[in-house]
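Here is the structure we will look at, set down as structure tokens.
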Amino acid sequence: MDSSAVPANASNCTDDALAYSSCSPAPSPGSWVNLSHLDGNLSDPCGPNRTDLGGRDSLCPPTGSPSMITAITIMALYSIVCVVGLFGNFLVMYVIVRYTKMKTATNIYIFNLALADALATSTLPFQSVNYLMGTWPFGTILCKIVISIDYYNMFTSIFTLCTMSVDRYIAVCHPVKALDFRTPRNAKIINVCNWILSSAIGLPVMFMATTKYRHGSIDCTLTFSHPTWYWENLLKICVFIFAFIMPVLIITVCYGLMILRLKSVRMLSGSKEKDRNLRRITRMVLVVVAVFIVCWTPIHIYVIIKALVTIPETTFQTVSWHFCIALGYTNSCLNPVLYAFLDENFKRCFREFCIPTSSNIEQQNSTRIRQNTRDHPSTANTVDRTNHQLENLEAETAPLP
């Protein structure tokens, strides 16, 4: 997310990091680097050469120009995250669009997640240039676009992760209802709703974003109505609650209830295979929750601390700030791995994409026929339906080491 687009929150980390400012090596005490160009009117800790990209801390160095090592480290970090994130997410989207058997409700959510994550990581080159030059050279239009993309995709990515958690909870805990609810059509409608909800912050931020000429440099920043401190802090609080606290609670509760349900199914079936499947899915759940928390917690805590106390501008502070931002974006790189590349069906399609053969083409045609027959499932008792949903869930999650 655009570093200045971050209100002290972290798309980003959807993410938060996405909305944080990358403008300065270290954000001003109350600013959000990528997640919210909240600091349109922050003090200028960097001096005349500082650029406040709104909510993201300015990209300017703590004192004078950044050292060569610091600049190279930050640019390398951003470059790796950008390349890996774009490649992984575009590959996920291509495979889902290319292969008919991948057009399931779950994969439609994954497509939406990959789209949001790809757009989020696409803003990193702008943040890198802003950091190196100490000014925003891209004009007002791109300023508005980059900042709004940060917010839009941070929230869309996180909302989609929550949606997938609820979707899997319904599949396991309410298998009968899942037959009607977990359809590709409903998944598309929910994805559209997630983008509309993200507009609640994305559109206002787009109108608030602007460029300002100050001390020989141009800032891409957010402007707030008076009282400035009130609206700035309100944005930070909203981002923190809706982009971090609530998603963590929703994801944790849904997966926790799912594990409890799977345990009860295992006890009823008495199957050792179900026991192994439960352990496998439990590990997957723990990894998903842990990755989200690890990627987004640092930037949120950092922003809160900077809003409460003044942190001296040092090289370490600059690097750590941008590291937190990159960590939030890293979540966008890991999502394809967690939700797609570990899926056996996805890996099979990827192999077919890399090494197409006539047998693969024939297999794809036969898969279309089998999928059509699965659109009319037979009835069964609740335990059998739950076991069936568990088997489907296993197909969507690859075994973790």
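Cβ atoms here come from the backbone N, Cα and C positions, even for glycine.
The secondary structure of Cys143 (disulfide bond), as reduced to three states from DSSP, is helical. Neighbour count (other Cβ atoms within 10 Å of the Cβ, all protein chains): 29 for Cys143 (disulfide bond). Annotated disulfide bond per Swiss-Prot: Cys143-Cys220, in sequence order.
For Asn9 (among others), the entry in Swiss-Prot reads N-linked glycosylation site, with the evidence type sequence analysis.
Summarising the annotation, Swiss-Prot assigns N-linked glycosylation site to Asn12 (among others).
Swiss-Prot lists Asn34 (among others) with the feature N-linked glycosylation site.
According to Swiss-Prot, the feature N-linked glycosylation site maps to Asn41 (among others).
According to Swiss-Prot, the N-linked glycosylation site annotation covers Asn49 (among others).
Annotation source Swiss-Prot lists S-palmitoyl cysteine at Cys354. When secondary structure is read from DSSP and collapsed to three states, Cys354 (S-palmitoyl cysteine) falls in the helix class.
The phosphothreonine annotation in Swiss-Prot covers Thr373 (among others).
Marked as phosphothreonine by Swiss-Prot on the basis of similarity to another entry: Thr397 (among others).
Per Swiss-Prot, the feature region 'Disordered' maps to 365-388.
Restricting the average to the motif 'NPxxY' (335-339) gives a pLDDT of 81. The motif 'NPxxY' annotation in Swiss-Prot covers 335-339 and rests on similarity to another entry.
Annotated topological domain 'Extracellular' per Swiss-Prot: 1-69 (among others), in sequence order.
The annotation topological domain 'Cytoplasmic' is assigned in Swiss-Prot to 95-107 (among others).
Taken from Swiss-Prot, the feature topological domain 'Extracellular' covers 133-143 (among others).
The topological domain 'Cytoplasmic' annotation in Swiss-Prot covers 167-186 (among others).
Here Swiss-Prot flags 209-231 (among others) as topological domain 'Extracellular'.
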Original post:
Of the listed stretches (70-94, 108-132, 144-166, 187-208), which one yields the highest count of Cβ-Cβ distances below 8 Å with the transmembrane segment (316-339)?
Top reply: 70-94
**OP:** Take the Cβ of Cys354 (S-palmitoyl cysteine) and count every other Cβ within 10 Å, whichever protein chain it belongs to.
**Re:** 7
**OP:** Taking the Cβ of Cys220 (disulfide bond) as the centre, count every other Cβ atom within 10 Å, in any protein chain shown.
**Re:** 37
**OP:** Between Cys354 (S-palmitoyl cysteine) and Cys220 (disulfide bond), find the distance joining the two CA atoms and give it rounded to the nearest Å.
**Re:** 42
**OP:** Would you mind splitting the topological domain 'Cytoplasmic' (95-107) into helix, strand and coil residue counts from DSSP?
**Re:** 10 helix, 0 strand, 3 coil
